[in-house]
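So that you can see what the record holds, here are the features copied from Swiss-Prot:
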type	residues	note
BINDING	R96, K100, H102, E122, D123, L124, I125, S126, T127, G128, G129, S130	5-phospho-alpha-D-ribose 1-diphosphate binding site
BINDING	S126	orotate binding site
Amino acid sequence: MTLASQIATQLLDIKAVYLKPEDPFTWASGIKSPIYTDNRVTLSYPKTRDLIENGFVETIRAHFPEVEVIAGTATAGIPHGAIIADKMTLPFAYIRSKPKDHGAGNQIEGRVLKGQKMVIIEDLISTGGSVLDAAAAASREGADVLGVVAIFTYELPKASQNFKEAGIKLITLSNYTELIAVAKLQGYITNDGLHLLKKFKEDQVNWQQ
């Protein structure tokens, strides 16, 4: 079993991911979605957490061997990033969504040196907007952002477009395609549900029609 399928299995088992193609969720954006993900839940399950953190470390070593600092996005990327940095004996920092409105007004907490090679940790990629904002903030502070590594992606076309336009490499430990395949195999969804889930990936607006 691949790492992607192992993580997909764990996310379903611990109910970090819910699939309701016949009774969709409403995202904050207003989009009706057949999937809801809360990867913060993974922190409460040592087996799942260990699988994810080891997966992060292996992936970073394989794709970004020159990394010098790990950064987590606030707030979801902070705990994972801190664990990864500890496992890799690397410095850690975290990136706020916007600068503080008091004190030193920092957006990056921790010490990042000019030119330091950074990998940013995120838990979930939908359109990628927030983590790309974090990457831009890190670059403005002088970091050399090598890429983003995340637990899971919905594989939305908008995300691919956003990362391409930003020139930022994205790698995820698991993904939507892998998850719905595992969900079908393990009986979480029906054939009709799988069909709807596949339609959502291609068209987030008209998938129910």
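Every residue gets a Cβ built from N, Cα and C, even glycine.
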Tally every other Cβ atom lying within 10 Å of the Cβ atom of G129 (5-phospho-alpha-D-ribose 1-diphosphate binding site).
12
Three-state secondary structure, which DSSP defines for I125 (5-phospho-alpha-D-ribose 1-diphosphate binding site):
strand
CB neighbours of D123 (5-phospho-alpha-D-ribose 1-diphosphate binding site) within 10 A?
25
Take the C-alpha atoms of R96 (5-phospho-alpha-D-ribose 1-diphosphate binding site) and the residue listed as 'orotate binding site' and report the distance between them in angstrom, rounded.
18
